[in-house]
Amino acid sequence: MGKDKSKHKKDRKRTRSSSSDSEDDREIQLQRRLLDERKRRKEEKERAKKEMKDNETLEEKKQRRMEKKRRKDEKRKREEQEDSLIPSELNYTNLNNPFNDTKLTQTFVWGKKLEKEGKSGLTQDEITRETSQRIRKNLTEAAEFKRIRDTRAAVKEDMEMMKRDADLRAGQMTDSKEREFQMDQIKERTRIRIDQGRAKAIDLLSRYIRFAEQNPFTSSVPDFELVNPVECMKSTCSSVEDYEDLIEDIKTYRELDGWSKNETFWLDITRIAEDEIQKRVAPRRGNVHSVVETDVLNTFKDKTINELLKMEGDLERKMNGKTGNEFYENVINKLRIFIARKRNNQHHQKVQRLQLAIIREEQKKEIQAECENEKVADTVKVVKSEEEDDDDDEDDEKLSKKVRRKVDIQTLDDPELDEQEKERKWRALSDDQLENVTLELYRNGNYSPPYNGFDDTMPGIEIIDAQADFESLMEKRNKNRGISPSSSASSSTPGAAAAAPNSRMIAIARQGMEGDESMFSVEEQLETQKHLWSDKYRPRKPTYLNRVQTGFDWNKYNQTHYDQDNPPPKIVQGYKFNIFYPDLLDVTSTPTFVVTPCDDRDFAVIRFKSGPPYEDIAFKVVNREWETLHKNGYKCQFQNGVFQLWFMFKKYRYRR
């Protein structure tokens with residue numbers, strides 16, 4: 001049994017060895033066949049290549065070699081890029097790099113560092129791969145940092161742009177508020193000058209154009225007489241200097257009110273004023289004969305504004321920038337002046353129609369009120385019949401006078417009204433209304449003598465004209481003052497007589513004025529003043545020409561937080577008060593002033609006092625300590641009817 005098992009094991013071993021030998025033989029045979037196949041293919045390839053070389057032309061041979069060379073170059077470049085540490089997007093080579101490194105693309109092996117980090121066993125390829133990854137990571141981080149920096153710069157630029165826009169809008173708003181404030185000051189000065197009877201031409205013109213801009217359905221009847229602007233200029237401007245001042249005042253007014261607002265009106269007024277200046281400076285201008293000039297003006301008369309403007313354009317094109325033709329230049333100037341005067345007359349007629357429309361609207365309201373009360377039915381019928389006839393100019397004029405004539409005397413002397421409201425109502429009356437009211441009050445008071453007409457005058461009583469009496473009075477005054485009759489001839493009218501001393505006083509007050517000063521004309525309301533001499537002289541407020549000086553205070557704080565492009569807010573640095581007392585009865589008494597504190601301790605009230613016939617006047621000023629030295633700008637004097645008080649505030653400096 002045991003022998004059979006051992007025999008069986010030997011047979012199995014023999015079988016295994018024979019099978020393994022057969023497998024080895026098959027593998028050897030397979031390898032031989034593969035080698036033979038490769039050899040055969042190689043021989044076929046070489047034979048085909050040899051046949052191709054034998055049969056190819058010179059051009060094909062040249063092209064084949066160039067293609068082979070190109071493949072070798074590409075392979076070499078690819079191998080160099082694989083071996084290089086520098087990424088291809090940098091375009092750095094050993095010969096072209098900003099570091100002048102001829103071994104830039106080769107891997108630098110820092111043996112000590114690798115040994116310290118425990119990487120001394122790395123191969124050259126592993127070191128190259130790790131270095132390349134580190135470089136690419138650094139480049140990626142640098143690109144990310146650059147993107148973040150660019151984004152931050154873009155955001156900062158956007159924020160700065162938004163801030164500039166906000167500053168620009170704030171600056172525009174500030175400029176707008178400043179212009180509105182200056183415009184309000186101009187209107188207030190205009191009102192004061194008109195109320196005090198010393199109105200300038202710009203005051204009357206600005207009041208006129210403001211009324212012309214109103215809506216006839218929402219406006220009220222003006223409390224002044226509408227006069228042609230040209231007549232206003234002639235009544236207030238008597239010399240070349242007056243017309244020049246008017247032109248400068250128009251520029252200032254338009255700069256604050258807007259250059260495009262009422263542009264045609266102000267342009268016409270400016271041209272008319274310039275023409276008046278030329279008439280006074282050089283009555284005979286140019287080389288145009290008087291007969292020819294008359295004929296030229298006659299050609300303008302029967303034409304409309306559009307036809308005159310077309311004629312002006314034709315003449316300008318005919319000139320076409322040429323100079324030396326004085327005739328056409330004079331014709332164009334006269335045409336422009338003629339257009340300005342004609343357009344001004346048309347505009348005045350339009351304003352008169354506006355006034356009439358306002359009167360009609362108020363008359364309708366009065367008629368409705370009278371109809372509701374049923375008190376004056378007969379009068380309503382008459383007024384209605386007049387209102388229906390819109391084309392009849394006489395009826396319109398009667399209607400306007402009838403409306404203007406009705407004044408309730410009880411409302412003027414109502415005891416519940418204060419003095420200012422009464423004064424405003426009395427000033428709102430026209431000349432006709434004022435005359436009728438005063439006559440009615442005189443008759444109601446039963447005064448003696450009674451009011452009579454010229455026919456009721458007793459024999460032997462001489463009635464003197466008011467103008468003649470005024471001229472006689474002025475002649476006596478000039479004689480006492482030592483003024484010759486020739487120099488006083490120009491002061492024959494009340495306006496001219498008052499203008500002469502005022503002009504001298506204004507010239508005295510304007511001496512020493514600086515460019516950083518602005519007008520200051522806001523008065524402080526005082527309590528009702530009662531004077532013992534009020535029954536003998538009519539109390540009146542003195543006129544004045546005050547200025548406030550503002551500027552920047554460049555202290556340490558402002559120097560730190562502001563610069564010239566972004567200056568600090570302006571502060572008040574001083575005042576210059578010029579109070580005019582031309583008719584002061586006691587010229588030996590000097591006017592005085594008193595400074596009293598206000599409820600607000602940052603401000604004070606300075607009050608100027610004088611003798612008859614002037615009332616006290618007061619202004620609110622900044623409450624700070626004054627400089628009282630003459631070298632620092634302090635002045636307090638009364639000379640030639642002008643009381644001058646000039647002072648600057650003390651400047652406090654920071655000290656450690």
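Just so it is clear, glycine is given a Cβ too, placed from its N, Cα and C backbone atoms.
Those TrEMBL annotations? Automatic predictions, nothing curated.
Features reported for this protein in TrEMBL:
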REGION    1-93  region 'Disordered'
COMPBIAS  1-16  compositional bias 'Basic residues'
COMPBIAS  27-62  compositional bias 'Basic and acidic residues'
COMPBIAS  63-75  compositional bias 'Basic residues'
DOMAIN    173-343  domain 'Splicing factor cactin central'
REGION    382-401  region 'Disordered'
COMPBIAS  386-397  compositional bias 'Acidic residues'
REGION    478-501  region 'Disordered'
COMPBIAS  484-501  compositional bias 'Low complexity'
DOMAIN    533-656  domain 'Splicing factor Cactin C-terminal'
For the compositional bias 'Basic residues' (63-75), how many residues does DSSP put in helix, in strand and in coil?
13 helix, 0 strand, 0 coil
How many helix, strand and coil residues does the domain 'Splicing factor Cactin C-terminal' (533-656) contain under DSSP?
12 helix, 52 strand, 60 coil
Per-residue pLDDT averaged over the domain 'Splicing factor cactin central' (173-343) comes to what?
80
DSSP-wise, what's the residue breakdown of the compositional bias 'Basic and acidic residues' (27-62) into helix, strand and coil?
34 helix, 0 strand, 2 coil
